[in-house]
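Colleague: Handing you this structure, nothing more for now.
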Protein chains: 2
Amino acid sequence: MSCGEFELIARYFDRATCSRRDVEKGIGDDCALLSVPEKQTLAISTDTLVCGVHFLRDIHPADLAYKALAVNLSDLAAMGADPAWLTLALTLPQVNESWLKAFSDSLFELLDYYNMQLVGGDTTRGPLSMTLGIHGLVPQGRALKRSGARIGDWIYVTGTLGDSAAGLALLQHHVKIDDPVAHEALIKRHLRPMPRVLQGQALRDLASSAIDLSDGLISDLGHILQASACGARLNLDALPLSEVVKQNFPAQQTLHWALSGGEDYELCFTVPEINRGALDVALGYHGVPYTCIGQIAPQSDGLTLLQNDRPVEINLKGFDHFGSR
Amino acid sequence: MSCGEFELIARYFDRATCSRRDVEKGIGDDCALLSVPEKQTLAISTDTLVCGVHFLRDIHPADLAYKALAVNLSDLAAMGADPAWLTLALTLPQVNESWLKAFSDSLFELLDYYNMQLVGGDTTRGPLSMTLGIHGLVPQGRALKRSGARIGDWIYVTGTLGDSAAGLALLQHHVKIDDPVAHEALIKRHLRPMPRVLQGQALRDLASSAIDLSDGLISDLGHILQASACGARLNLDALPLSEVVKQNFPAQQTLHWALSGGEDYELCFTVPEINRGALDVALGYHGVPYTCIGQIAPQSDGLTLLQNDRPVEINLKGFDHFGSR
């Protein structure tokens, strides 16, 4: 029996590059069969990427595969989980073998880097989109949640903010810069975000809450504040901006990108005063900067944005698929 | 901060109707946190349904939600797993509240029936489609697989075959029948397939292999034969057909539907001779008929179709999204 769909799946996605011992049965049965070790909790997350909504129509398939997986890895990072297994549901308008090869090569490169195994999925015909289901493991009781922030905790972010939004604006020709190296660097920050998996794991037992920055700092910090029933004071002067963004765009634009640009996939987390020393030890080993940008406040205070130590009003919204922009 | 997307998700999908003890964190964080009990294996499966490919554009949202979940439950059934958790990635062209209410009400009705919990997902804007990730639990080493069939094992199916294909043909006005009760019954078999979850569990330790019939008997049995490196002799005269199909359509049409119609979501499984008595005890308690339709043969014999005990040639293909029909 010759069936195009099954051959397709087999050819590009049934690769035995990584064979984890906790995978009893991977691709090729009605379900994958997986073992969760004792004293480990399963962490799972699902993200859909739709062509024209989450990625541009002309994106290279290698960039698309990278980003689809990186976005999901970022959710595991925000829980402090260790990546394990992936499912991929891929909807394609037609079979394009060179597209599939580039997509799957890039996907497996990143899977292998994290010692992950593709354990199942679905391939269907339709408008280009994909849904990834990512599964990670975290020691019992040590997962980072959004709900643990307490008044007085310090608010941190990893890396720099707004680069991804700047890269997207460049790709969409909404802005331009002359320096080709800076241009490339920002586009790479948009297309190839680095999930902070190791940083998330280092934050176990240290951070009181964490989230990854997918929708923009204001929006995502808002989720921590809501889940933790807190407010916050955010020091806009402290927001970490990359040199390339600072040198090429006006301050108001970079501030807007840093606060609401989205897709930076950095971690935003809170740390109690008592853990700040340990934090410096834990994250000091990593090459990724981290910056204190504010402090958790009582819920009744809401979210206060400070510039030069004075409250300012800024009208911003995070990315919202169904809301008005 | 008011964000349409998040409010939407909260309103329709964040229901605490079922709160399983093994769910440490459900909807509302970067990941769900889940506990797999000791000596249980995790069984996961993913299915995508695309509008116009897997369901008709005018399908009622309640039927769509039911079928989307039933199709995934059927994969768990084929492994003998106990349903536990669901993720739902829903892509919608626009927010239609009455559609969402009907869809989510129907989804939760079926989730509650199986004591399942919706633990995460994603809501995005785009062409109507959805990807479900289903998670079940099965005692270590007792999952049914496709690969265990051995020469001499008997081949069984649950229920009757071809009703779903007949229902689809009626919905698409490719065929018609005058009896309105029969018409309704067949359409219901297409829209509301009953996943054989309890039957799958009863087959643990008895069946040597199992699969659910999503693509059609020939195609799906083919997966068992391939995974088990076997052939089979299939007795076409024994195929279980419903009275309503037999009375309303010519024999050649019903045979075609039974062999390659797809979407029956019955179980096809193999049982060693020594377990046939135990099988009758195990499945006798269930109200679902099961029928022996053939026997596993050496791989070199391939798949032989028998009518009146004589080999016949029938040109059939299973449903293949990217193959030629």
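Cβ coordinates are placed from backbone N, Cα and C, and glycine is handled just like the others.
What TrEMBL says about a protein is an automatic prediction, not a curated fact.
In case it helps, TrEMBL gives these features for our protein:
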- B:28-138: domain 'PurM-like N-terminal' (DOMAIN)
- B:Asp30, B:Ser45, B:Asp75: Mg(2+) 4 binding site (BINDING)
- B:Thr46, B:Asp47, B:Asp122: Mg(2+) 1 binding site (BINDING)
- B:Asp47, B:Asp75: Mg(2+) 2 binding site (BINDING)
- B:His54, B:Glu263, B:Phe319: substrate binding site (BINDING)
- B:Gly121, B:Asp122, B:Arg146, B:Ser214: ATP binding site (BINDING)
- B:151-299: domain 'PurM-like C-terminal' (DOMAIN)
- B:Asp215: Mg(2+) 5 binding site (BINDING)
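Thinking about packing and proximity, how do these listed features fit into the structure?
Modeller: When the domain 'PurM-like N-terminal' (B:28-138) is classified with DSSP, helix, strand and coil residues number 36 helix, 46 strand, 29 coil.
Residues within less than 8 Å, Cβ to Cβ, of B:Ser45 (Mg(2+) 4 binding site) and separated from it by at least 6 positions along the same chain comprise B:Asn72, B:Asp75, B:Leu76, B:Gly133, B:Ile134.
Sequence-distant contacts of B:Asp47 (Mg(2+) 1 binding site), defined as residues of its own chain at least six apart whose C-beta falls under 8 angstroms from its C-beta, comprise B:Ala68, B:Val71, B:Asn72, B:Asp75, B:Thr131, B:Leu132, B:Ile134.
The Cβ neighbour count for B:Asp75 (Mg(2+) 4 binding site), using a 10 Å radius and every protein chain shown, is 27.
In the shown protein chains, 22 other C-beta atoms lie within 10 A of the C-beta of B:Glu263 (substrate binding site).
Averaged across the domain 'PurM-like C-terminal' (B:151-299), the predicted model reaches a pLDDT of 95.
Under DSSP, B:Asp215 (Mg(2+) 5 binding site) is assigned to coil, being neither helix nor strand in the three-state scheme. Counting every protein chain shown, the number of other Cβ atoms lying within 10 Å of the Cβ of B:Asp215 (Mg(2+) 5 binding site) is 24.
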Colleague: What does the structure give for the C-alpha distance between B:His54 (substrate binding site) and B:Ser214 (ATP binding site)? Integer Å is fine.
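Modeller: B:His54 (substrate binding site) to B:Ser214 (ATP binding site), Cα-Cα distance: 11 Å.
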Colleague: Secondary structure at B:Glu263 (substrate binding site) (DSSP, helix/strand/coil)?
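Modeller: For B:Glu263 (substrate binding site) - judged by DSSP and reduced to three states - the answer is coil.
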Colleague: Which of these binding-site residues, B:Ser45, B:Asp47, B:Asp75, B:Ser214, B:Glu263, are close to chain A by Cβ (under 8 Å)?
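Modeller: So the ones by chain A are B:Ser45, B:Asp47, B:Asp75.
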Colleague: Using CB atoms and a 10 A radius, I'd like the single residue among the binding-site residues B:His54, B:Arg146 with the highest neighbour count.
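Modeller: Ranked by Cβ atoms within 10 Å, first place goes to B:Arg146.
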Colleague: Can you grab the distance from B:Asp30 (Mg(2+) 4 binding site) over to B:Gly121 (ATP binding site)? Cα atoms, rounded to a whole Å.
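Modeller: B:Gly121 (ATP binding site) has its Cα 10 Å from the Cα of B:Asp30 (Mg(2+) 4 binding site).
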Colleague: Write down the Cα-Cα distance for B:Glu263 (substrate binding site) and B:Ser214 (ATP binding site), rounded and given in Å.
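Modeller: About 4 Å separates the two Cα atoms.
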